[in-house]
Amino acid sequence: MTDSTLYLIKAFFLGIIEGLTEFIPVSSTGHLILIGDWINFTSSSGKVFEVVIQFGSILAVMWIFRARLWQLIRGTLTGVPAETAFTRNLLLAFLPAAVVGAIFIKTIKQVFYHPGVVAVTLVLGGLIMLWVERKTHHTPGDAPGAADDTASDERASAHTLEQISWKQALGVGVAQCLAMVPGTSRSGATIIGGMIAGIQRKTATEFSFFLAMPTMLGAATYDLYRNIDLLSQHDLSAIAVGFAAAFISALVVVRAVLRFVANHTYRGFAWYRIALGIVVAAWLMTK
(Lines of atoms letter the chains of each structure in order from A; the text may use other names.)
(Lines give C-alpha, C1' and ligand atoms only; values in the text may rest on other atoms or scores of the structure.)
Protein backbone atom coordinates (compact mmCIF):
# COMPACT_ATOMS: atom_id res chain seq x y z
CA MET A 1 0.00 0.00 0.00
CA THR A 2 1.45 3.38 -1.03
CA ASP A 3 1.77 6.29 1.38
CA SER A 4 -0.77 8.32 -0.62
CA THR A 5 -3.35 5.52 -0.44
CA LEU A 6 -2.82 5.12 3.30
CA TYR A 7 -3.18 8.88 3.68
CA LEU A 8 -6.57 8.81 1.91
CA ILE A 9 -7.73 5.89 4.05
CA LYS A 10 -6.86 7.83 7.20
CA ALA A 11 -8.71 10.89 5.86
CA PHE A 12 -11.77 8.74 5.09
CA PHE A 13 -11.65 7.22 8.57
CA LEU A 14 -11.45 10.63 10.26
CA GLY A 15 -14.34 11.87 8.11
CA ILE A 16 -16.44 8.94 9.32
CA ILE A 17 -15.48 9.73 12.93
CA GLU A 18 -16.48 13.39 12.47
CA GLY A 19 -19.87 12.48 11.03
CA LEU A 20 -20.54 9.83 13.68
CA THR A 21 -19.63 12.01 16.67
CA GLU A 22 -20.60 15.57 15.71
CA PHE A 23 -24.25 15.27 16.70
CA ILE A 24 -24.04 12.92 19.67
CA PRO A 25 -22.79 14.12 23.09
CA VAL A 26 -19.33 12.55 22.99
CA SER A 27 -17.21 15.37 21.45
CA SER A 28 -16.24 15.14 17.79
CA THR A 29 -13.21 17.41 18.29
CA GLY A 30 -11.99 15.26 21.16
CA HIS A 31 -12.29 12.12 19.04
CA LEU A 32 -10.51 13.75 16.09
CA ILE A 33 -7.63 14.87 18.34
CA LEU A 34 -7.29 11.44 19.94
CA ILE A 35 -7.72 9.28 16.85
CA GLY A 36 -5.65 11.60 14.67
CA ASP A 37 -2.85 11.17 17.22
CA TRP A 38 -3.33 7.39 17.43
CA ILE A 39 -3.24 6.81 13.65
CA ASN A 40 -0.50 9.42 13.15
CA PHE A 41 -2.53 11.50 10.71
CA THR A 42 -0.28 14.35 9.64
CA SER A 43 -1.32 17.00 7.16
CA SER A 44 0.20 20.33 6.22
CA SER A 45 -3.36 21.67 6.11
CA GLY A 46 -4.70 19.84 9.16
CA LYS A 47 -6.74 22.81 10.38
CA VAL A 48 -8.38 23.21 6.97
CA PHE A 49 -9.10 19.46 6.86
CA GLU A 50 -10.95 19.62 10.19
CA VAL A 51 -12.96 22.66 9.06
CA VAL A 52 -14.01 21.13 5.74
CA ILE A 53 -15.15 17.83 7.21
CA GLN A 54 -17.23 19.85 9.70
CA PHE A 55 -18.86 21.49 6.68
CA GLY A 56 -19.76 17.98 5.54
CA SER A 57 -21.48 17.25 8.86
CA ILE A 58 -23.43 20.50 9.03
CA LEU A 59 -24.60 20.21 5.42
CA ALA A 60 -25.98 16.78 6.31
CA VAL A 61 -28.12 18.17 9.14
CA MET A 62 -29.26 21.05 6.92
CA TRP A 63 -30.33 18.54 4.28
CA ILE A 64 -32.31 16.47 6.78
CA PHE A 65 -34.10 19.54 8.17
CA ARG A 66 -34.35 21.31 4.80
CA ALA A 67 -38.18 21.46 4.80
CA ARG A 68 -38.37 22.78 8.38
CA LEU A 69 -35.50 25.17 7.69
CA TRP A 70 -37.28 26.60 4.66
CA GLN A 71 -40.48 26.94 6.70
CA LEU A 72 -38.51 28.81 9.37
CA ILE A 73 -36.91 31.21 6.87
CA ARG A 74 -40.16 31.86 5.01
CA GLY A 75 -42.14 32.29 8.23
CA THR A 76 -39.60 34.71 9.67
CA LEU A 77 -39.54 36.82 6.52
CA THR A 78 -43.35 36.96 6.38
CA GLY A 79 -43.74 37.71 10.08
CA VAL A 80 -45.27 34.46 11.35
CA PRO A 81 -45.08 34.90 15.17
CA ALA A 82 -44.00 31.33 16.02
CA GLU A 83 -41.25 31.30 13.39
CA THR A 84 -40.07 34.79 14.30
CA ALA A 85 -39.80 33.75 17.96
CA PHE A 86 -37.88 30.60 17.00
CA THR A 87 -35.43 32.64 14.91
CA ARG A 88 -34.99 35.08 17.81
CA ASN A 89 -34.22 32.17 20.12
CA LEU A 90 -31.64 30.76 17.72
CA LEU A 91 -29.92 34.15 17.48
CA LEU A 92 -29.92 34.51 21.28
CA ALA A 93 -28.42 31.04 21.66
CA PHE A 94 -25.84 31.74 18.95
CA LEU A 95 -24.54 35.06 20.30
CA PRO A 96 -22.68 33.96 23.47
CA ALA A 97 -20.44 31.49 21.62
CA ALA A 98 -19.93 33.97 18.77
CA VAL A 99 -18.69 36.66 21.17
CA VAL A 100 -16.56 34.35 23.34
CA GLY A 101 -15.17 32.58 20.28
CA ALA A 102 -14.20 35.81 18.54
CA ILE A 103 -12.26 36.95 21.61
CA PHE A 104 -10.78 33.79 23.09
CA ILE A 105 -10.79 30.95 20.53
CA LYS A 106 -7.11 31.33 19.60
CA THR A 107 -6.07 31.14 23.26
CA ILE A 108 -8.42 28.24 23.91
CA LYS A 109 -6.92 26.23 21.06
CA GLN A 110 -3.37 26.96 22.21
CA VAL A 111 -4.04 26.00 25.83
CA PHE A 112 -6.67 23.25 25.75
CA TYR A 113 -6.16 21.28 22.51
CA HIS A 114 -4.35 18.35 24.14
CA PRO A 115 -5.33 14.69 24.77
CA GLY A 116 -4.96 15.21 28.52
CA VAL A 117 -7.63 17.92 28.50
CA VAL A 118 -9.88 15.69 26.39
CA ALA A 119 -9.58 12.87 28.96
CA VAL A 120 -10.63 15.15 31.82
CA THR A 121 -13.53 16.80 30.01
CA LEU A 122 -14.84 13.47 28.73
CA VAL A 123 -15.15 12.16 32.28
CA LEU A 124 -16.53 15.39 33.75
CA GLY A 125 -19.05 15.74 30.94
CA GLY A 126 -20.18 12.15 31.44
CA LEU A 127 -20.71 12.67 35.17
CA ILE A 128 -22.73 15.83 34.54
CA MET A 129 -24.89 14.01 31.98
CA LEU A 130 -25.63 11.24 34.50
CA TRP A 131 -26.56 13.83 37.13
CA VAL A 132 -28.87 15.73 34.77
CA GLU A 133 -30.60 12.56 33.56
CA ARG A 134 -31.16 11.47 37.16
CA LYS A 135 -32.40 14.93 38.15
CA THR A 136 -34.74 15.05 35.14
CA HIS A 137 -36.39 11.70 35.78
CA HIS A 138 -36.06 11.11 39.52
CA THR A 139 -39.09 12.00 41.58
CA PRO A 140 -39.61 11.66 45.35
CA GLY A 141 -40.25 8.05 46.31
CA ASP A 142 -38.42 6.57 43.33
CA ALA A 143 -35.71 4.03 44.03
CA PRO A 144 -32.30 4.87 42.56
CA GLY A 145 -32.31 3.97 38.88
CA ALA A 146 -36.06 3.38 38.87
CA ALA A 147 -36.77 5.95 36.17
CA ASP A 148 -38.10 4.54 32.93
CA ASP A 149 -35.99 5.37 29.88
CA THR A 150 -39.20 5.84 27.88
CA ALA A 151 -40.71 8.28 30.37
CA SER A 152 -41.27 11.85 29.26
CA ASP A 153 -39.46 14.66 31.06
CA GLU A 154 -42.14 15.53 33.59
CA ARG A 155 -40.37 18.60 34.91
CA ALA A 156 -39.75 20.14 31.48
CA SER A 157 -41.64 23.34 30.67
CA ALA A 158 -40.86 23.29 26.93
CA HIS A 159 -41.96 20.20 25.01
CA THR A 160 -41.80 21.71 21.50
CA LEU A 161 -39.43 24.10 19.75
CA GLU A 162 -42.13 26.77 19.78
CA GLN A 163 -42.47 26.57 23.58
CA ILE A 164 -38.81 27.41 24.25
CA SER A 165 -38.52 30.78 25.99
CA TRP A 166 -35.88 33.38 25.27
CA LYS A 167 -34.35 32.75 28.71
CA GLN A 168 -34.04 29.03 27.99
CA ALA A 169 -32.50 29.76 24.58
CA LEU A 170 -29.96 32.11 26.15
CA GLY A 171 -29.12 29.46 28.75
CA VAL A 172 -28.42 26.97 25.96
CA GLY A 173 -26.20 29.58 24.30
CA VAL A 174 -24.16 30.09 27.47
CA ALA A 175 -23.77 26.31 27.81
CA GLN A 176 -22.54 26.14 24.22
CA CYS A 177 -19.53 28.28 25.16
CA LEU A 178 -18.21 25.37 27.23
CA ALA A 179 -17.94 23.30 24.05
CA MET A 180 -14.96 25.34 22.90
CA VAL A 181 -12.89 23.18 25.25
CA PRO A 182 -12.22 19.89 23.39
CA GLY A 183 -13.83 16.83 24.92
CA THR A 184 -16.84 18.80 26.16
CA SER A 185 -19.04 18.26 23.06
CA ARG A 186 -21.08 21.03 21.46
CA SER A 187 -24.16 18.85 21.16
CA GLY A 188 -23.67 17.54 24.69
CA ALA A 189 -23.32 21.02 26.19
CA THR A 190 -26.36 22.40 24.37
CA ILE A 191 -28.61 19.38 24.96
CA ILE A 192 -27.76 19.05 28.64
CA GLY A 193 -27.86 22.84 29.03
CA GLY A 194 -31.33 22.81 27.50
CA MET A 195 -32.51 20.03 29.80
CA ILE A 196 -31.22 21.92 32.85
CA ALA A 197 -33.12 24.99 31.59
CA GLY A 198 -36.34 22.97 31.44
CA ILE A 199 -36.47 21.84 27.81
CA GLN A 200 -37.66 18.29 27.15
CA ARG A 201 -34.87 15.98 25.95
CA LYS A 202 -36.04 15.39 22.36
CA THR A 203 -36.85 19.08 21.93
CA ALA A 204 -33.46 20.06 23.37
CA THR A 205 -31.83 17.70 20.86
CA GLU A 206 -33.73 19.23 17.94
CA PHE A 207 -32.87 22.75 19.12
CA SER A 208 -29.22 21.70 19.36
CA PHE A 209 -29.32 20.55 15.72
CA PHE A 210 -30.79 23.86 14.55
CA LEU A 211 -28.33 25.84 16.66
CA ALA A 212 -25.49 23.87 15.08
CA MET A 213 -26.29 25.40 11.69
CA PRO A 214 -25.32 29.04 12.36
CA THR A 215 -22.73 28.12 14.99
CA MET A 216 -20.78 25.58 12.95
CA LEU A 217 -21.17 27.45 9.67
CA GLY A 218 -19.90 30.64 11.27
CA ALA A 219 -17.00 28.98 13.09
CA ALA A 220 -16.00 26.86 10.10
CA THR A 221 -16.14 29.80 7.68
CA TYR A 222 -14.03 31.93 10.03
CA ASP A 223 -11.47 29.14 10.53
CA LEU A 224 -11.30 28.48 6.79
CA TYR A 225 -10.69 32.18 6.11
CA ARG A 226 -7.89 32.31 8.69
CA ASN A 227 -6.18 29.11 7.56
CA ILE A 228 -6.81 29.05 3.81
CA ASP A 229 -3.12 29.73 3.15
CA LEU A 230 -2.29 26.34 4.68
CA LEU A 231 -4.22 24.54 1.94
CA SER A 232 -1.98 22.64 -0.46
CA GLN A 233 -2.70 20.83 -3.73
CA HIS A 234 -1.44 17.61 -2.16
CA ASP A 235 -4.18 17.63 0.47
CA LEU A 236 -7.18 18.36 -1.79
CA SER A 237 -8.01 14.71 -2.43
CA ALA A 238 -7.84 13.85 1.28
CA ILE A 239 -10.06 16.81 2.14
CA ALA A 240 -12.63 15.76 -0.49
CA VAL A 241 -12.66 12.19 0.82
CA GLY A 242 -13.04 13.35 4.43
CA PHE A 243 -15.85 15.76 3.48
CA ALA A 244 -17.84 13.05 1.69
CA ALA A 245 -17.34 10.56 4.52
CA ALA A 246 -18.47 13.10 7.14
CA PHE A 247 -21.56 14.06 5.11
CA ILE A 248 -22.73 10.48 4.57
CA SER A 249 -22.08 9.28 8.13
CA ALA A 250 -23.75 12.38 9.62
CA LEU A 251 -26.88 11.72 7.54
CA VAL A 252 -27.16 8.31 9.17
CA VAL A 253 -26.38 9.50 12.70
CA VAL A 254 -28.77 12.47 12.84
CA ARG A 255 -31.74 10.34 11.78
CA ALA A 256 -30.73 7.63 14.26
CA VAL A 257 -30.35 10.11 17.13
CA LEU A 258 -33.81 11.59 16.53
CA ARG A 259 -35.32 8.10 16.74
CA PHE A 260 -33.20 7.18 19.76
CA VAL A 261 -34.00 10.15 22.00
CA ALA A 262 -37.74 9.62 21.58
CA ASN A 263 -37.49 6.53 23.82
CA HIS A 264 -34.11 6.61 25.57
CA THR A 265 -32.00 8.74 27.87
CA TYR A 266 -28.39 9.82 27.27
CA ARG A 267 -27.03 7.62 30.08
CA GLY A 268 -25.33 5.24 27.66
CA PHE A 269 -23.39 8.10 26.08
CA ALA A 270 -22.44 9.34 29.54
CA TRP A 271 -20.92 5.99 30.52
CA TYR A 272 -19.14 5.81 27.16
CA ARG A 273 -17.56 9.22 27.81
CA ILE A 274 -16.41 8.18 31.27
CA ALA A 275 -14.94 4.90 30.03
CA LEU A 276 -13.17 6.57 27.09
CA GLY A 277 -11.78 9.30 29.34
CA ILE A 278 -10.31 6.68 31.67
CA VAL A 279 -8.80 4.77 28.73
CA VAL A 280 -7.25 7.95 27.34
CA ALA A 281 -5.82 8.88 30.75
CA ALA A 282 -4.31 5.40 31.11
CA TRP A 283 -2.87 5.61 27.59
CA LEU A 284 -1.29 9.00 28.32
CA MET A 285 0.34 7.66 31.47
CA THR A 286 2.04 4.89 29.46
CA LYS A 287 3.44 7.24 26.81
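Heads up, the Cβ atoms here are built off N, Cα and C, so glycines get one too.
As annotated by Swiss-Prot, transmembrane segment applies to 6-26 (among others), with the evidence given as sequence analysis. If you look at the transmembrane segment (6-26), the same-chain residues 6 or more away from its ends with a CB under 8 A from one of its CBs are 32, 35-36, 39, 41, 49-50, 53-54, 56-58, 60-61, 122, 125, 129, 185-188, 191-192, 208-209, 212, 237-239, 241-254, 257, 266, 269-270, 272-273, 276.
Under the heading transmembrane segment, Swiss-Prot lists 45-65 (among others), citing sequence analysis as support.
Taking Cβ pairs closer than 8 Å, the transmembrane segment (85-105) reaches residues 72, 76, 161-162, 164-166, 168-170, 172-174, 176-177, 179-180, 190, 207, 210-211, 214-215, 218-219, 222 in its own chain, all 6 or more past its ends. Per Swiss-Prot, transmembrane segment is recorded for 85-105 (among others), and the stated evidence type is sequence analysis.
What Swiss-Prot records for 111-131 (among others) is transmembrane segment, and it gives sequence analysis as the kind of evidence.
Here Swiss-Prot flags 204-224 (among others) as transmembrane segment, drawing on sequence analysis. Packing against the transmembrane segment (204-224) from elsewhere in the chain are residues 22-23, 47-48, 50-52, 54-55, 57-58, 61-62, 65, 69, 72, 89-91, 93-94, 97-98, 101, 105, 161, 164, 169, 172-173, 176, 186-187, 190-192, 194-195, 254, 257-258, 261: each is 6 or more residues past its ends and has a CB under 8 Å from a CB in it.
The annotation transmembrane segment is assigned in Swiss-Prot to 238-258 (among others). The list of residues near the transmembrane segment (238-258) in space but at least 6 beyond its ends in sequence, with Cβ under 8 angstroms from a Cβ of it, reads 7-8, 10-16, 18-20, 22-24, 43, 45, 48-49, 52-57, 59-61, 63-64, 202, 205-206, 209, 231.
Positions annotated as transmembrane segment by Swiss-Prot, on the basis of sequence analysis: 265-285 (among others).
If one looks beyond the transmembrane segment (111-131) by at least 6 residues along the same chain, the residues whose Cβ comes under 8 Å of a Cβ in the stretch are 25-27, 30, 33-34, 37, 180-185, 188-189, 192, 266-267, 269-274, 276-278, 280-281, 283-284.
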